[in-house]
Every structure is written in structure tokens, then in C-alpha cells.
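As given in Swiss-Prot:
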MOD_RES   2  N-acetylalanine
REPEAT    95-134  repeat 'ARM 2'
REPEAT    138-176  repeat 'ARM 3'
REPEAT    224-265  repeat 'ARM 5'
REPEAT    269-309  repeat 'ARM 6'
MOD_RES   337  phosphoserine
REPEAT    416-455  repeat 'ARM 9'
REPEAT    458-497  repeat 'ARM 10'
MOD_RES   512  phosphoserine
REPEAT    588-627  repeat 'ARM 13'
REPEAT    634-673  repeat 'ARM 14'
């Protein structure tokens, strides 16, 4: 909504507006300052809790006039303060109200007001700023535009408990990401806010706590600092632990648990520290019980999922705390009975947000089952859980779908479950549907899971192949998203492992040699490694090697040459030499190496390389080329001897590396046989 409306629109909009609303605005223009003040006070009383009145006054142009009065040097402090109060009340209406206030540049005006010496006016400006900055329509960046604002807010923290509460609330809402964390940290946020945790005001303690949770999130620098901060002779983590005791308000318990969780994940607190194992984790499990409110259960489960995600031991402890796995099953039966919730408004709210519970449960199940086979088994054996997760993967909410697919991905790491539950529930069917049409964030997880379902021992591999997976995966390799390219090629690599010639031919045909070579020159190392892995799996078993090299030999040899000449890692070059070793194992394919002096020189070079892995891979090539039971072995041996390969073999047979020594001796025996 614009700040001032054009004249032609006024009549249609104003038909809704009462004369009394216009009367309030007209009084703001009275030449008598006392009448203006009374007009603002009356306006304040009129708009409290009345959204329609707020909208009317905004349409009638009250905001620019209030801002003008607020900024006028001739206005009394009382008038300025009352203007700030009314503007704060208007901001508490709808999101459209906030947009209108932002369009009128309210933030610079209020920030200017903070330079006043009058505390009541400062508090009114801060209260209004707090309301505006906590609205989802306000860009956080507006707090950081002027570099003098943050230091001034830090200085105002000492003025009163209200300045402390509002400023901390503004910081916790406007601190989004590492850049904001760094700005606040560099301006002394930790030192300025730490002592507020012992404030006599609950609201101040709570807002300070929220500040620390957003400052510490994924931030090792802040987290490492927090660990050593003393407040009244007590370390900050000890204060957080006291705040998550059962006798404290739930909001405080949860936020303290978040602070400790984030500090732990940022590496500032060990995962086996008693404050995590005996305090934070049990507190978060408590938040998952059905006695808690929906929001608390969601936040508790999501924070716990984040805490235990990388640590097997914490996953095991959580899985046996308060029957957590069974407790999470209740997240899907919500609300359990309508009569249990007497507040109809609450019931309506919870029905609208029940999907958040499912999302949180899937996230926590995914973390619990990330590593341990027994935990995965427990999750899957929980009443109809596989059906619920499979259903979740096709829900309309993107967040629920993502969490459900993550959960399936976590469970798909189990060989046992791939062979049993995943087959019983034909998980591959909904997964293929998800892969047809989903946002990238879901595609990345779903394609990762497909990689697992395509492992050679998975019974789902056959039906997936029959349902057009090759084309789908080849399509993923052309994505602009590197994670999707990696997963597409990884799944093809798993598909090609010990596969029949027909499947390999399908992969090569669908992928096209052009795309294969594009992937071999991909800037992402993971893509390159998986493409080499695919090539290695395609070039296995002699008939397949000979067939593929007869049609694509020239291009493959060209790609191999480029990689061996390029600036690549040891791992990439090792994989490439292993591909050459596979080619050297072909019956007719090996001639492509023997007739390529450039490649032979490269193999010789890598036999003398300083890295043992590369020497070993080059040795495999030589062994396969000199194997004397095969036709033409004598000519090959002679050519390699002339190149000085035998001398290198003698040298390597004296190597301190036992592996290298054995391989060299085996190759030399081919010459003696």
C-alpha cells in the first residue's frame, strides 16, 4: 500500500472510511500544538485492537503526518513519544500496515529518534522498531544500512530494562546468517548482552537468551567465545544449563537447549560433555512429549535432530531416552482427540499446523537412523511407520516431502532394510514419482536415495531400471546444480556395476559421448570422480570392454590423456589409471594402448611417480598388458622392454612398499615364463 493515495482513487477507498476516522487525521493539522497532542492521544485510544480503524487511518494519510510531527524539532517530547506509540500500534495490525509504514520510510525516522536524550521517547521508538523488525515483511538489512546504528543500539542497552528487551528482540530477529553475526559480534554483542542473562526481568533474560541462540548458530567464532564468558563468576554454559531445568518456563528451557546445541554443533562443546548428554539431550526429548504444545514439540524435535545428526553415540542415547521412537509416532496422530483441546481457536490453529509435527518427526527419525542398524530397525518396526514415511514423500507441503524423503534416505543406508522393508513397501515407486517433478532441494535427497536403491544387492534395482531410470538420471547429469549432477552420475555408476551389456549400452546411448566428456571436464571434482567411476564400471568384463572400446575407444583414450596431463588430484589420476588397466584387460581393446606411444609414456612416468597409489595403478596396466597367457603377449612384452619398463620393474621389486614390490615381481614373472 502506498504512503499517499492518488486523488482519483480516494472516493472509492474513502467510501469505506468513517467520518470519525477523517476527524482524527484532520486534528493532526491543527495549528494549536496542545490540540494536536490531544488528537494523537485520542487516535492512540481509537486504534488499540481495532485493525479496521488502523487501515482507515493509514489510507487517510495519517502516517506521513505522524512521522512529520515525530521528526519536527518544534514538537514537544511528549508529542513525539505519543506519535511513536501510535505508529507502533499501527504496525501491530496487518502485514499490509507494516508495508505502508515501510513505504513511508519509518525506520530511518525512528532510528533518528534514538538520538534523543529523552528515555521515554527512545523506548517508544524502540518498541515501534521492535514491532516492525519482527514482522516477516521487513527486510533485516534495513538495520545494517547505516553503520552507526548497531554501536548506538549497544550503547542504549544500559539505559533501561525496556531498551534491553526491545534491542535484544530486534537483534535476535535481524541476525540472519554469518554476515549479521559478525557485525553484532564485532560490536561487542557477547559482552554487552551476557550480563542481561541475570536480569531481574524475565523478558530481558529471555530476549538475551534468544540473541545468543541466533549468534551461536553454525558460528564457531561466537560459540568458542561464549564457552569462556563469565557472568557473576559463572561460565555461560553453566548458566544455560540452569535455565533448562524443569522448573523454568518451557520457552526458556527450549532456548537454552538451543544455545547449548548450537555451541556443541559449532565445536565449542564436546558431544560427550555432561551438559549435552545429561542435560541438553534429555531436555529436548522432554519437549517431544504429547503434554507439550504443538510449537514446543516441533521445535524440540527439530533441535534434537540437529544436535544428534553427526554423532552416533548421541543417536543411540536419544533412541533409548523416554521411549523417544514410540513417542514420535504420536506426532502423526495429532490432535489425538478433539475433546482434549477445549480451546476451539487452539484446535483450529493446531489442525492447520499438524503438518509441521510430521515434518519434525521425519527430521528426527532421519537423524536417529543415520548410522545405527538397530535404531533403523526400531523406527521401521514402529506402527505403520514405513507407510507414513512413504505417504509423507508425496504430501503437498514441500517441507514435509523433503523431511520424509530425507528420512527414507537415512533408512536406505541399511543393506538389511533395502532387502526387506524397502522391497515390501515398493518404496521405489513413490520415489520415481518424486524424481519426475520436485524442487531441487528434494531432488538432491531423492536422487541420493536412488543411488542406494541401485546398489547391486538391492531388489529394487530391476524395477527401477524398467521404469525409465536411465533417461531420468542422464537428465540429472545435465543439471546446473552440481549436487544433482553428482547424484545422477553416481546412480548411473551404481547401475553399471556388474551390469549386463544391454544396460551399459542403454547408459551410453542415453548419456551420449558428448555429455560423458562434458562430465569428464566438469569443474566439480565429485562429478569428475563419479564419472570416472562410471567409466570404470562400464569397462569391466572383457567382452564389454572390447565392445565399448570398439565404438567409443578414440574418445575415451583422448579423455584419459587429457586427465593424465591435467592439474588433477592423486585420486582422479589413480581412477584414470585404473580405467586404463581395465582397457588393458580387454582382448582387442588393449591394442588401443599399445598403439598409443603417448599413453605408454604416461604409464611409464606414473610407474616412477612419488605417490605409491599412482605407481600401483600404473603397475596394473603393465601386468594386464604383459600377461603371457594371452595372444600377442610376446610382442607387447618386447615393446615395453624396449621402452625401459623391465628396468623400472627390477627397481620396484626392491621397493620398501610390500604391495608395490609384489606387483613388480608378478609382472617380471610374465617375462620369465
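From the backbone N, Cα and C atoms, a Cβ is placed for every residue, glycine too.
There are 11 other CB atoms within 10 A of the CB of residue 512 (phosphoserine), with all protein chains counted. Across all of the repeat 'ARM 14' (634-673), the predicted model scores a mean pLDDT of 89.
Through the fold, the repeat 'ARM 14' (634-673) approaches residues 590, 594, 600-601, 604, 607-608, 612, 615-616, 619-620, 622-623, 625-628 of its own chain, all at least 6 residues removed from its boundaries and within a Cβ separation under 8 Å. Sequence-distant contacts of the repeat 'ARM 9' (416-455) (same chain, at least 6 residues past either end, Cβ-Cβ under 8 Å): 373, 376-377, 380, 386-387, 390, 393-394, 398, 401-402, 405-406, 408-409, 461, 463-464, 467-469, 472-473, 476, 479, 481, 483-484, 487-488, 490-491, 494-495, 497. Proximity of distant same-chain residues to the repeat 'ARM 10' (458-497), defined by a Cβ-Cβ separation under 8 Å and at least 6 residues beyond the stretch ends, is recorded for 418-419, 422-423, 426-429, 432, 435-436, 440, 443-444, 447-448, 450-452, 503-504, 506-507, 510-512, 515, 519, 522, 524, 526-527, 530-531, 533-534, 537-538.
Secondary structure at residue 512 (phosphoserine), taken from DSSP and collapsed to helix, strand or coil, is coil. For the repeat 'ARM 5' (224-265), residue counts in helix, strand and coil come to 28 helix, 4 strand, 10 coil, using DSSP.
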